[in-house]
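Trainee: What TrEMBL records for 10-453 is domain 'Major facilitator superfamily (MFS) profile'. Positions annotated as transmembrane segment by TrEMBL: 58-82, 89-107, 119-139, 151-171, 183-202, 267-287, 302-325, 332-351, 363-387, 399-422, 428-449.
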Amino acid sequence: MNPSCLLSAAFFSALGSSFLYGYNLSVVNSPALYIKAFYNKTWLDRYGEPVGTETVTLLWSITVSIFAIGGLLGALSVSLIVKILGRKGTLLLNNIFALIASLLLTLGEKAKSFEMLIIGRLIIGVDSGIALSALPMYLGEISPKHIRGSIGQFNSILICLGVFTGQVLGLPELLGQVSRWNYLFSFLAFPAILQLCVLPFLPESPRYLLMERRDEAGAERAFQKFLGKKDVSQELEEVHAEARAQENLRTASVLQLLKNPAVRWQLITIVVTMACYQLCGLNAIWYYTNGILQEAGFATNIIPYITLSTGFIETLAAIISGLMIERIGRKPLLIFGFSAMAVFFSLLTVFLNFQNSMSWMPYLSYVCILAVIASFCSGPGGIPFILTGELFEQSYRPAAFMIAGIVNWLSNFAVGLLFPFLQETLQSFAFLVFVVICIMGTIYLYVVLPETKNKTFLDISQSFAKINKIPAPSPSHEIELSGLISCSGFDYFRIKPAVS
């Protein structure tokens, strides 16, 4: 058995997709002062007078927040694109957005146009919006059920690696200088070009080929490459069984998904999980990190090196989660992650309120920040994307990812918009809002979410039959499907727990 094709597909598809999303989350932090100075100089050259402080703040806010608007536009378009081009085709097309954005962001300074930077951020947002829907769909459909969670975690791991890479390249010794900051955006082209060079030689999703393109020969070849064996008749039969169990093999629209009572609680679960993913407070934690380090007495010039620890912890926790997800399961990791975040946010609130009373208190605050990040990446940071692919059968999956993407990006935008006001009103008690969200998410997942580990997509769909109040499959139908699934050749594709 040779999983190299599967691992290559997972890595290179994530490199040109989720890695770029993570990179763009952190890349604008280190050159922020230089970009604002560029805005000021450009304004002065154009209009002969310095730009007002409020105008610079507005331009910078637009530059940062328009990334989420682009992400929403990408999420809205992904259902149509994957229907026409397929999963792999969508990922390949998406690289065009990354390359255009890289050019605009890199050349904006030389062209003396801050509009190019803003448009570039919008376009790279579109790239991320498409990537965060198409990539988990592709990873979920190419993976055998025994390692579907581990392969799906490539999405989360590469997001974290992208954040860490943005932090490293933004150091003053590298590209975080007044004369080099625009080259931080040139780097966007590198993962996109790598993906364009490799992904065309890797297979399309066999489920997409068989169930939507009716290309049985193509699906067979794809399974053979991914599984490393010639006889894949049992895998093909498993997909056929899933196809026979669906009432409507045509790709469903968002409206059809919203109207169908058979998938109501799957949809509610994805909306709740994806909203908690953004509203749990991780994005807000970055507002406090530098301030806490300054309070702890660290010199301003070494703070960028210390904050590298956050990116490192993110990546390490995501890798450990990828290694453990098939042992522990999705549900326990999600519940642990959100509940641990609630605990550490509570402790952080306490420590922040005693920040000035004891000299060592800021160090405890920083430990809490690292613990919140590790808790997030242990489950909530990647599993919501895996679940979106697992809770829906083939015909509903594109529409489900579209809705999940809309919730994701609207929630992201809401945090960026509202947290500064929360911070101003509640001060350090603002984190208690996130404690409530994490606790509510934990309770919902404990009560509603079934474990999806080591189950076929059909098994998972059937596990919601009772809560959706729809008739369960007849015993004869269950026996037939059980026989097909239990003899599936996916069973032999089991790998050692230490390998992801």
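Each Cβ is built from the backbone N, Cα and C atoms, and glycine gets one as well.
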Trainee: Taking 3+ C-beta pairs under 8 angstroms (sequence gap of 6 or more) as contact, is the transmembrane segment (58-82) in contact with the transmembrane segment (119-139)?
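Mentor: These two segments touch.
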Trainee: Answer with yes or no whether the transmembrane segment (267-287) touches the transmembrane segment (183-202) by the criterion of at least three Cβ pairs under 8 A, sequence separation 6 or more.
Mentor: no
Trainee: So what pLDDT does the domain 'Major facilitator superfamily (MFS) profile' (10-453) average out to?
Mentor: 90
